Amino acid sequence: MSFVEYSDFIQDGDVAIVYLGHESMMPVKVQKGAQTQTRYGVLRHSTDLIGRRYGSKVTCSKGGWVHVLHPTPELWTVTLPHRTQILYTTDIATITMMLELKPGSVVCESGTGSGSLSHAILRTIAPTGHLHTVEFHQQRAEKVAEEFKEHRVDHLVTVRNQDVCKDGFGVTGVADAVFLDIPSPWEAVRHAKAAMKKHGGRVCSFSPCIEQVQRTCEALADQGFEEISTIEVLLRVHDVRTISLPVPDFGSDPSAQTEPDAAEKTAPASAPIQDTVAMKATVPPREIPGHTGYLTFATKPRTS
Amino acid sequence: MADNGDDESQYRIKGGDYVVLKRGEIFKAVQIQPKKKVIFEKQWFFLDNAVGHLYSTTFEIGSGGVLQLRKLRDAESSTDAKEAGTDNRNIVDDGKSQKLTRDDIEMLKEQGLKGQEIIQQLIDNSSTFRDKTGFSQDKYIKKKKKKYENTVTILKPSCRILAMMYQGREPGKIRHLRYDTLAQMLTLANIHAGSKVLVFDTCAGLVLGAVMERMGGYGSVIQMYPRGEPVRAGVESFGFPAHFRDTLHGFPICHVNALLAGTLDTTAKDPSAGRAFFFLNKSLRNRVKVLTSCFFFQAQEKKVKQEEKRKKLAAAAALLEGRNADGLVIASQYQPCPVLMGLLKFLSPSRPFVVYSQHKEPLIECYTKLKEHGGTVGVRLTDTWLRHYQVGFKL
């Protein structure tokens, strides 16, 4: 198992995702002799997990069962322990494509936070790319570095505990893409420019407030970035349900009785044949999806 | 991989390259061929002069359709502290503020003035320009640029650029797949280097190309196709290095049931002799010899092609047989439910799949079927909504 390569069987040391039910999952560090408590009972790692195929249905001590899934960055995003507010898959997917990330890309990111986006970047740039990620909080930097190791992706990433606005990313002229998710991204724009390859590249800044976006756009334009564009992406989830719609009764239709239909005659005149009709439909979400942040993209032109 | 080496060559335009032409928000994918006339935004020109320059270079289209390097001076330099007004309360739109007539502008064009110069002339001859607000001035310039600019930028293709291009130019060809939707699909399907992905794409090959870009030439992609030959035009536009082709396989879905039942025969058959029997008298025998040998060579060529086709089919079948694919992406106008149920069988346990449809109702059918059938978790029906924001700032 690794977050950048699939494997088929659960092994000691893996991080697996236990799927308990709709919208209910948890990550598990697989360890010989260890146990994990779930609402369906206890999972004994040595007997229930190690050696089993990913995707298996596993019965727990109380008799209930769960599914054990191979980790992916998407599953990690919804199960990881939050140390900060994180980016969710909808924004992550947009960022990945708009920054043109692919195997071999070199990316600079700050702040690392809880590592949600970091894992997605690593998955996309493997096996030949590299992620330089900067986090100014010491414990968070250490925690995320630990996770990269457990997830077997540490060879693809360098974590630096410093302030990107003051000290930059720790590298210059190597990045194809830079991502900023910090309170004052306009202060890091010149460092982003320095970190990028002279051939040019893409930059993205994520900010919840439009005032931050405004200052960042100004800084980007000032530093010579082009194609500056700010967007927002929202996800709507459609709930598929069987709905039951009552059918109106317009009274018995005299013109319809010219049909020599035996069934009509035998049906009791008082009760209608069908008073509801069932069909599959989607129910719109009850709330408008919440705002996460604005994504500002720009292109650094070639600097010879 | 040569792809991410630091050498300049990957950043230089070469003959035969697939590129994307850009002006403002308009894109067009073309291949650089010697002396080939290209049409873009109502202008004809040749791309020969672009060869050797770096990607993302902007050129002026000179007379005769010849590309010339745009001088940096011509670029956005006229944005230094312009005189501007505060609002439009005193600006009367009487259509008389521009002093240059149509004929005047034509004359400027004939004199060989560049786009940027014409725009400057229009600004200088506008009685209301300096009263407009800064934003209004930018808007005016943007509008004039669209009309008079004579430039074209040559970009290296990427999924982002091609997806935006198709959406703008030929959305019907890609079943109206928006680029934000494509972005979601690639991430949700966990497309990454080294995996084995099945793709059922009738979106001109854009989705297939996007998947291949995210695989970087590692692993394998099997294009399942409905009939005839697999459509790969969109893939060509990505301009992938040649070795990427080794990772791309094709398998016609008409053989899926046979493959699953174990009855698909992809072994080589005994070569059958070319059937050309001519019984003729002596006088025509020589001519007949030539004819039969031609026929024989054609039959040989056909056999070689058939053998190649058989080999490719066998290779794809071998990849599918194990029913251990890592990902499945479906994007087509075909009814998605049977496509999905038919191809799910090839997926390993604990692997994601994504189905795109232009319409919601066919996906409701998929969702319902998946729930009835069992064996899948985390099924969700979603769509994204993307909006651009106009951010104003003073520089």
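Quick reminder: no glycine exception, Cβ is built from N, Cα and C everywhere.
It should be emphasised that the depicted structure is a prediction, and the values quoted were computed from it without experimental measurement.
TrEMBL annotates A:Ser114, A:Gly115, A:Ser116, A:Leu117, A:Asp163, A:Asp181 as S-adenosyl-L-methionine-binding residues; of A:Glu100, A:Glu135, the candidate listed for that same site is A:Glu135.
Comparing the binding-site residues A:Glu135, A:Asp163, A:Asp181 by how many other C-beta atoms lie within 10 angstroms of each C-beta, the top residue is A:Glu135.
Between the two most distant C-alpha atoms of the annotated S-adenosyl-L-methionine binders (A:Ser114, A:Gly115, A:Ser116, A:Leu117, A:Glu135, A:Asp163, A:Asp181) there are 20 Å. Taking the Cβ of A:Ser114 (S-adenosyl-L-methionine binding site) as reference, residues of its chain lying under 8 Å away and at least six apart in sequence are, in sequence order, A:Leu80, A:Pro81, A:His82, A:Arg83, A:Thr84, A:Ile86, A:Arg140, A:Val144. DSSP classifies A:Ser116 (S-adenosyl-L-methionine binding site) as helix under the three-state reduction. Around the Cβ of A:Ser116 (S-adenosyl-L-methionine binding site), the same chain contributes A:Pro73, A:Trp76, A:Thr77, A:Leu80, A:Ile86, A:Leu87, A:Tyr88, A:Ile92, each under 8 angstroms and 6 or more positions distant in sequence.
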